[in-house]
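Enquirer: Pasting the relevant annotations from TrEMBL:
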| type | residues | note |
| --- | --- | --- |
| TRANSMEM | 64-86 | transmembrane segment |
| TRANSMEM | 92-111 | transmembrane segment |
| DOMAIN | 92-250 | domain 'Sodium/calcium exchanger membrane region' |
| TRANSMEM | 123-145 | transmembrane segment |
| TRANSMEM | 157-180 | transmembrane segment |
| TRANSMEM | 192-211 | transmembrane segment |
| TRANSMEM | 231-250 | transmembrane segment |
| TRANSMEM | 271-293 | transmembrane segment |
| DOMAIN | 279-419 | domain 'Sodium/calcium exchanger membrane region' |
| TRANSMEM | 313-336 | transmembrane segment |
| TRANSMEM | 348-369 | transmembrane segment |
| TRANSMEM | 375-396 | transmembrane segment |
| TRANSMEM | 403-423 | transmembrane segment |
Amino acid sequence: MEFSEGSNKSLMGKETCCNNNNGVTIRTAQNMSSSFMRKKSDPILVSTIRFRILRELLANLQEVILGTKLAVLFPAIPLAIAADFYKFGRPWIFALSLLGLTPLAERVSFLTEQIAYFTGPTVGGLLNATCGNATELIIALFALYRNKIHVLKYSLMGSILSNLLLVLGTSLLCGGLANLKREQRYDRKQADVNSGLLLLGLLCHMLPLMFKYAVKPETGVSIAEYTLELSRASSVVMLVAYIGYIVFQLKTHRQIFDSQEEVEDEDEEKAVIGFWSGFSWLVGMTLIIALLSEYVVGTIEAASETWGISISFISIILIPIVGNAAEHAGAIIFAFKNKLDISLGVALGSATQISMFAVPLCVVVGWIMRIKMDLDFNLLETGCLALTILVVAFTLQDGTSHYMKGVVLCLCYAAISACFFVHKIPAPLDQTNVQSGLNPSLSA
């Protein structure tokens, strides 16, 4: 069985990649964007092997490991492990781990797509909604476990900014330049839904910050304690909103997120690996992502000191760009092909998931772990997030696009990048040695 890259059956945002009621294969915007990094496998290479088990194993290896154009980056994974084992410089461990995460993020998207062929639309949609930003979420949870709250907040906020400004801006810019002689249009309904959720998330982010500045210290009120309680309450609200978003997207209003593209290829796609093979590969790659995420979190301070780059710039700018490179490249290619609905589905869908699911989930998990993780991202970071969401909301309000909109968003991202490049305020001390028990060679 071959994996077809050319199917135009797509579903916007975070929906399932499986059969709909008509039996036609549906794919997500994120999976569609990542599919441009994939390549077809030649079954002839393994069909001559006599032993069936060995033949199936090699076929799976061919599809999962060699079925991506990013396979050239897989050697970075054993190199990162070797660098840690032989006590190489920690900046090398950080760089190799970051490179190794790039193909893994794309392969997780591929594996969730394969599993969704067997699970049905609801389970497949929930799986994709959970694993859509698995790399960022795992890095954030490791940072939370090691009590590096500053790294957690920077990396999650960086993912939101990267999707809204860099991915969306580059898509609009490239799409506008490639289609100068025709107007680019997209469906505003999906953009309106995501913009509303992003504004709700922004409100929940701003409340603890405003509370901190509104309450005067001389009143005797414990500002930090009440800010933490407010953050936890707001996080519950955000998670409830995200659950409602999933129901809205997968059940009640699926048509809003359906692609308006005409189907040019009627050939139904099929899974190229079995359910249990896909599940096993997904678990294995998730464990590898967890290991590399531990390396990234444990060595980020050393990389910052050695390279002379602030932790905020590495976390907000570098990690999101490298971690989602495949997905971002696919979104830009779709914009070139005048399929902006898919590009918007990738950018806005990922930003919404990070803002409304990953961030409040970390607050709730920290609550369970008795770690003081709140929604106060400080004035500079929250201000950048607020202005970004407002600029994007105004940019998408008319349902049309041209390259100048992309220029504005890209320049906004460049200005924010410059801000955090010079933002070299010392980060809070790492307190993980008290509670983590992780590899001491990676302690900051």
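Note that the numbers count up from 1, one per residue, in the order the chain is shown.
The backbone N, Cα and C atoms fix where each Cβ goes, glycine too.
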Enquirer: Just to be sure I understand, if DSSP states are collapsed into helix, strand and coil, how many residues of the domain 'Sodium/calcium exchanger membrane region' (279-419) fall in each?
Expert: 117 helix, 2 strand, 22 coil
Enquirer: What stretch, picked from 271-293, 313-336, 348-369, 403-423, has the most CB pairs under 8 A with the transmembrane segment (157-180)?
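Expert: Answer is 403-423, with the largest number of Cβ pairs below 8 Å.
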Enquirer: Select the range from 231-250, 271-293, 375-396 that forms the most Cβ-Cβ pairs under 8 Å with the transmembrane segment (348-369).
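Expert: By Cβ pairs under 8 Å, 231-250 leads among 231-250, 271-293, 375-396.
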Enquirer: For the transmembrane segment (271-293), what are the same-chain contacts with Cβ under 8 Å, counting residues 6+ beyond its ends?
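Expert: For the transmembrane segment (271-293), the nonlocal Cβ contacts are 1-3, 41, 56, 59-60, 63-64, 67, 77, 80-81, 97, 100-101, 104-105, 107-108, 111-112, 114-115, 117-119, 131, 134-135, 138-139, 141-142.
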Enquirer: Per the definition of 3+ C-beta pairs under 8 A with sequence separation of 6 or more, do the transmembrane segment (192-211) and the transmembrane segment (375-396) touch?
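Expert: Contact confirmed: at least 3 Cβ pairs fall under 8 Å.
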Enquirer: For the transmembrane segment (375-396), give me same-chain residues lying six or more residues beyond its boundaries with a C-beta closer than 8 angstroms to one of its C-beta atoms, as numbers and ranges.
Expert: 153-154, 157, 160-161, 164-165, 168, 172, 186, 188, 191, 195, 198-199, 202, 204-209, 212, 227, 230-231, 234-235, 344, 359-360, 363, 405, 408-409, 412, 416, 419, 423
